[in-house]
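Copied from TrEMBL, the annotated features are:
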type	residues	note
ACT_SITE	H178	active site, proton donor
ACT_SITE	E299	active site, proton acceptor
BINDING	H178, T179, Y180	beta-D-galactose binding site
Amino acid sequence: MKKEYHKEKLQTIVLSNKGGMEVTVLNFGGVISSIKVPVKGKKVECVLGFDTFEEYVSEAYRKEYPYLGAIIGRNAGRIKYGKAIIDGKEIQLNCNLGENQIHGGSVGFDSVFWDVVAVNRGDDNSSVTLQYVSKDGEEGYPGEVTVRVTYTLTSDNRLRIDYHGITDAPTILNLTQHTYFNLNESNTDVLNNTLQIKAHKYVPLEEGFFTPTGERPPVAGTRLDYRKGQKVYAHTDNSFVREIPSEEVMATLTNGEGSLAMEVRTNHPVLHIYAGYYLPELQPPHRKTVGQNRGICFEAQGYADATKHPQFNNVVLRPKEEYNFFTEFKFIHLS
């Protein structure tokens with residue numbers, strides 16, 4: 001059955017600062033549809049996305065759905081066979097990718113309308129707070145969960161994302177943001193970008209399932225050793241383990257022209273980086289091309305499929321507990 005999306009519920013919020021940076025947020029899926037940063041006197045579009053709601057809900061886009069700019073929940077990443085374990089009990093979740101679940105199920109947080117509960121526009125910072133209440137049993141997850149996500153744009157070109165969640169029953173909550181960044185001034189792929197990641201370990205994936213093996217081997221000697229900075233490897237699609245304080249820069253991306261960089265900070269346990277190898281080919285009007293390696297995601301999150309691996313950080317949220325995480329992207333002019 002074709003899902004219906006009601007455009008009359010759509011709200012578009014544009015955050016801006018005195019330096020001319022603009023961030024456009026939709027209450028549909030919490031999508032970041034645009035980030036424009038002034039570079040050399042012109043505004044550079046720094047993310048992949050669309051200018052119209054119709055494009056986000058079109059059958060062509062949803063057929064090979066890449067989650068452009070959306071909030072992911074209740075769980076980021078894949079869960080093998082859609083089976084999770086909470087307090088020793090196996091929970092069967094909705095499987096929406098073959099025999100696995102990916103990114104929260106068929107109707108995840110990316111595909112619903114959020115309530116706009118606050119918009120603040122100050123001299124230094126502007127922000128928008130979105131809220132979504134996920135009902136008990138939604139996509140197979142137990143408990144009613146209330147989630148708030150706040151996007152804040154600062155005067156020094158930082159975009160901060162704060163996640164907050166509570167539940168009335170033990171459940172999984174592991175959120176992320178799925179924006180594809182392309183900082184290039186030109187309409188080219190990101191393989192000419194330089195990426196540095198301050199991580200000594202990564203999370204390998206099980207062949208065929210693309211779920212974690214449970215190991216955390218060193219990046220040394222692999223194509224994923226970005227510690228000193230290197231060009232983006234086309235097949236990058238792994239989580240990198242954060243072992244540094246959250247106020248330190250975990251990753252830095254520099255565009256092909258060497259004119260703009262983006263720093264990433266987070267308090268999430270891992271930073272999953274996906275270089276967009278499997279992005280479908282799309283050409284939105286007046287926007288950068290969507291396609292193979294045309295954008296790169298920095299998905300700060302908890303470990304995927306974590307309930308099967310006791311050595312991973314906990315992703316189970318319980319009543320009277322609070323889920324509080326952040327990710328920050330800082331845009332820096334280099335020339």
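Placed from the backbone N, Cα and C atoms, the Cβ positions cover glycine too.
Note that TrEMBL annotation is computational and uncurated.
Feature annotations (TrEMBL) mapped to structure.
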residue: H178; record: active site, proton donor; Cβ within 10 Å: 24
residue: T179; record: beta-D-galactose binding site; Cβ within 10 Å: 26
residue: Y180; record: beta-D-galactose binding site; Cβ within 10 Å: 25
residue: E299; record: active site, proton acceptor; Cβ within 10 Å: 24
* Asked: Can you list, in sequence order, the residues of the same chain other than H178, T179, Y180 whose CB lies within 8 Å of the CB centroid of the beta-D-galactose site?
  -> I32, V47, L48, Y67, L68, G69, A70, Q177, F181, G295, C297, E299
* Between E299 (active site, proton acceptor) and the residue listed as 'active site, proton donor', the C-alpha gap once rounded to whole angstrom -> 6
* If H, G and I count as helix, E and B as strand, and all else as coil, what does DSSP give for H178 (active site, proton donor)? -> coil
